[in-house]
Amino acid sequence: MLKQSTSLKVRLPALVVALEVVMLFLYAVFVTYDDDADAKMQTNETRPMDNTLYRDYHFFADVQVMIFVGFGCLLAFLRLYGFSGMVFNFLTATFAIQWAILVQGYFQFYSDGKIHLGVINLLNAEFACAVVLISFGAVLGKVSPVQLLVMALLEVPVFSVTEWAVLKYIKINDAGGSILIHLFACYFGLAVTFVLFRPSLNDGHAKDVTCYQSDILSLMGTLFLWVFWPSFNSALTLKGDDQHRAVLHTFIGLSSSTLTAFAFSAMLNKRGKLTLADIQNVTLAGGVTVGATVDMMITPAAAFALGVMGCTACMTSAASTTFTASQGSSPRWRGICAILLATEETYGPSLYETFAYRAPPEGDPKLLELQKLIPGLKPGLGRSGKEQAVYQVAALFCTVSLAALGGIVTGFVLKLPFLASPSDEWCYDDEVFFEVPSDFDSPGLLKVPIDSQETKV
Amino acid sequence: MLKQSTSLKVRLPALVVALEVVMLFLYAVFVTYDDDADAKMQTNETRPMDNTLYRDYHFFADVQVMIFVGFGCLLAFLRLYGFSGMVFNFLTATFAIQWAILVQGYFQFYSDGKIHLGVINLLNAEFACAVVLISFGAVLGKVSPVQLLVMALLEVPVFSVTEWAVLKYIKINDAGGSILIHLFACYFGLAVTFVLFRPSLNDGHAKDVTCYQSDILSLMGTLFLWVFWPSFNSALTLKGDDQHRAVLHTFIGLSSSTLTAFAFSAMLNKRGKLTLADIQNVTLAGGVTVGATVDMMITPAAAFALGVMGCTACMTSAASTTFTASQGSSPRWRGICAILLATEETYGPSLYETFAYRAPPEGDPKLLELQKLIPGLKPGLGRSGKEQAVYQVAALFCTVSLAALGGIVTGFVLKLPFLASPSDEWCYDDEVFFEVPSDFDSPGLLKVPIDSQETKV
Amino acid sequence: MLKQSTSLKVRLPALVVALEVVMLFLYAVFVTYDDDADAKMQTNETRPMDNTLYRDYHFFADVQVMIFVGFGCLLAFLRLYGFSGMVFNFLTATFAIQWAILVQGYFQFYSDGKIHLGVINLLNAEFACAVVLISFGAVLGKVSPVQLLVMALLEVPVFSVTEWAVLKYIKINDAGGSILIHLFACYFGLAVTFVLFRPSLNDGHAKDVTCYQSDILSLMGTLFLWVFWPSFNSALTLKGDDQHRAVLHTFIGLSSSTLTAFAFSAMLNKRGKLTLADIQNVTLAGGVTVGATVDMMITPAAAFALGVMGCTACMTSAASTTFTASQGSSPRWRGICAILLATEETYGPSLYETFAYRAPPEGDPKLLELQKLIPGLKPGLGRSGKEQAVYQVAALFCTVSLAALGGIVTGFVLKLPFLASPSDEWCYDDEVFFEVPSDFDSPGLLKVPIDSQETKV
């Protein structure tokens, strides 16, 4: 029965070939170079070193390390699921970026019937990819690579539409993507999990455990994410002092949330020891909470405080979820989510100073005055602080709704029978989808099928 | 007998000291700073931030990560050969770069009796180093560190001469080094293996196996190579839009070859599972196939197609090699090579658009016209498309010939008796050249010498 | 007794909360943005891409990888102490940087009653952090995370005062930090170890051993440090050709010390095998020895020679320390230190050419002459070569004295009873401070308490 249901021999190649044929067609018809990558656009006044490549590429490379190495290692924290964690992350991320280049390109870089491609699109696409990978964390161990591709196929457009709608019509500030990226990913993932709910995994799973080496690998993933998070949070801000502040705030917020995570981890453990899952996940909370205001003049101390608050929200929520029903290794992931729900909804928009849309509108004499002080200032919408707060709340609501809706639909699609979904006893197990080396599963965990274990009990 | 033949106590220090004395002498006599690293060349019009350091250094750092971490981890895929894979890569790469700075420096950065040193030389030297490391893959597990140093000592000059001859006299386009780097490395490695052929390793070797942790380590190596490959392919292109395109094409080509590799891996496996060796190696094929045309206006869709084709060539060739005689873990490496042979020879030069040498020559009125459109255009040789194609074929032929010749000579040198070559039963084993910790070889593979195994059979 | 003495449940949160409250207060009162991070300082003549962010950030990111990933992996070389090595490095580094931003900021970036924060401060703070982490190496396995935080709390100010005093009053050249960073860290660590001396650990400890995977992890740490060391050594030099030379010299010095380390490792081993600890540590010696003169016109050959000398000093000293009393895994660390003591004191200041303070003073006609040749030249102090040599010696003496004094005081503070110090038998063991997974300690080392082992003997 195993072979019938989970063999990738036909399903995966068929899906991949179909996707690639369609994408190759779309690339051929719609994708061209943007001005900085187009030889025809270079004139005798073009200075090669002014190319946007040199502005964006190294931030892009940092984010690449985060997505492929950082996430890959982080998701390899299960003892028998290391291959899957790293490899499915690799597969999903690669496809999500390719796909997002087209979908986001259509919304953001489309003109004259073409998507204009430069490093900046790749960077944007990696943000959409991050959304998919965060949602991936919610279904880790319970889905096949075919299901993951389908999830990415559906999530990327829903996210792109949401992002486009929120930024275009509601107009909020969200440089580090706290609202759009993390919140969307969170609710989408929750919604998918809700639909895919497997009651038999409710009491834990024999294979849903870590081992020493997998924990260390996952910790390396955390460190890579931690180290490059300032690049992530600042990659899409305005250049100059804005990006400079984004780097500073992210670093400070991460630092204070890291210290706080250590304190909580020792305090909440009954034997006063550190729990590695806290170090692996909660230390990163500060990078998320500083996100929405990362480029603003919030002061370094505020970034420090946001880091502490984010971590606190994350730890207390994670602690409380131990009382509620948990499914598999999701508590770890829910902890990460909790931070978002808590900070956005509890502390909410009162934390945000907002500039761009509170600037006076075109023609307002105040604008001219301000432009003398801040030359690059573009006309805004003249929103008051309260008005902007209402818009931020509207954006939250809109994002959450679309994410949940998209997640539910996606969940039902993933339940379709031919997607190689692993049965309960084969969850969290590399052996379903990989040729494993001979030492797989030695020397540790007995690999008794769940059924027989339950019989024993 | 083991101690007599493989002890490094005298051989390695003697060789290293000899090499270092010679190199120190050569550095002292011939190496000076280039203009951007020379305090005397800075005038009151020099703007420090215009230094080429800021243009090249971060690309250089990326390539460093690829060479030392990426290759190092990738080559540590064997269960009992992890130390050797990483450490011999470290040793060989370090020496190859030092040596290439001198040898390549003589061909490319030599004037007024001096080699002028800047970060750009280091970058060039790392490309020569990559050649040595790719060839290293062909002899992995079967040679001593002394042999590796000798191989690097011989391969670097042969490569440098080939590169110089091909670029200077035949004049081809090869920004990403598909032809020169990968093809040369491939044939050189094949030639060395041909000479060093060990019939007793033909039926496989008990130690030529992976384990769970070594596979994961190797996968991390792949991810680091994957992530920074755009830096590698674009590091030596013209600055500005050319480099921008090189980044885009490499990323797209890698992505499409990665998806394709997953499809083939599942399809060609009889149980419909993924094979990790495919993910570790074949995913990178696209980075190689886009290499020769990486900076040209080939369109993003063409890069996508090149990635798919490269991966396909690699997988089908690798599959076919399972019918032919294999030696040790080389099939894995031959798969990588196959891609090169296939794409260069089969699809061949018809894939290439070529600009630089097809531009009109000095004095041609067409040149002036074109220079109005493309101001940086240098006079070319006025070659037609067909002419250029002939030259590309000539370059292929020339590269392959010199690589094979050099490889055969090197192979015979490596057979000299005092180079600490490990005997057949001690191949793929860290214990020959390293003090290993007490847990080495537990809990897995029984380490019965090959002879006794054969006796049993 | 274990639970009473080493539980972190109260101690760690109490200390962290206290530190964070104080730091949040200090950040709120004293820290503001520097000009490049302050929106108010941008005028209509500000070009965003001239922001110092783009000059410094990617070097900062490289150093981040070194500190969090490189050091973290390197310190995880013990078989049962991998969690602690990586995680305590993470904790200590995070706190040290936060704290150094304030303390160093007060000495170096303080004006108008505020510390002005930019990426350059973070970079400076990471150098102070590196000092703490090097000293950490001396006490690895024998202290609690609470003790580590206290050590960082004390070491950062002592270092900052020393750095400030030496640079302001004695005025020496030390771009790569050979004297200040490495020498200070070394003597501070030695002094702390001297006070914390545990006679029972003198004969080795059953848990003070590596295993295959931990050695490979540590090797990865070495490779990350090796790869980014040029960024570290050049991050704080003058921009332009100075930084360019710093990169070149560091790379060359590292390369030659790496080759030399391989030669010594094979030569000094009685069976002619390589010892992984040498590859992990001694290969990096060259990065340290080129430090003090890294930005000067010393010629590439001199950098080569400095690398060889540094490595030689390190290996011979390390070999000689095997005759002296050793404590735990410190020999490994002492080897690293030896290099510093040897090169600074033996070869000493005669190696240094010194520019900055030997330049003619303001008003000297020679200055004007020189400024025609080297436009950026600032007036110096007109010191002769000999005078400068005396100052360098004075700086050495001053640094060593303050480091030793600070280390001794810190050592006594760390002996205070409530800092969760692990008892002798629980040294080098993750289980004291971490919840460990079920496979911890299998399949290797028998975890018999030291006492019972001694009874057996």
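Glycine is no exception: its Cβ is also placed from the backbone N, Cα and C atoms.
What TrEMBL says about this protein:
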{"type": "DOMAIN", "residues": "C:22-416", "note": "domain 'Ammonium transporter AmtB-like'"}
{"type": "TRANSMEM", "residues": "C:12-33", "note": "transmembrane segment"}
{"type": "TRANSMEM", "residues": "C:57-80", "note": "transmembrane segment"}
{"type": "TRANSMEM", "residues": "C:87-107", "note": "transmembrane segment"}
{"type": "TRANSMEM", "residues": "C:119-141", "note": "transmembrane segment"}
{"type": "TRANSMEM", "residues": "C:148-167", "note": "transmembrane segment"}
{"type": "TRANSMEM", "residues": "C:179-197", "note": "transmembrane segment"}
{"type": "TRANSMEM", "residues": "C:209-229", "note": "transmembrane segment"}
{"type": "TRANSMEM", "residues": "C:249-268", "note": "transmembrane segment"}
{"type": "TRANSMEM", "residues": "C:393-414", "note": "transmembrane segment"}
Feature contact check the transmembrane segment (C:179-197) with the transmembrane segment (C:119-141), CB under 8 Å, 3 or more pairs: yes
Contact call for the transmembrane segment (C:148-167) against the transmembrane segment (C:393-414), three or more Cβ pairs under 8 Å: yes
Stretch with greatest number of CB pairs under 8 Å, the transmembrane segment (C:57-80) reference, C:209-229, C:249-268, C:393-414 candidates: C:209-229
Chain residues in Cβ proximity to the transmembrane segment (C:209-229) (below 8 Å; excluding those fewer than six residues from its ends, i.e. six or more beyond): 62-63, 65-66, 69-79, 82, 250, 254, 258, 276, 279-281, 283-284, 287, 444-445
Across the domain 'Ammonium transporter AmtB-like' (C:22-416), average pLDDT on the 0 to 100 scale: 85
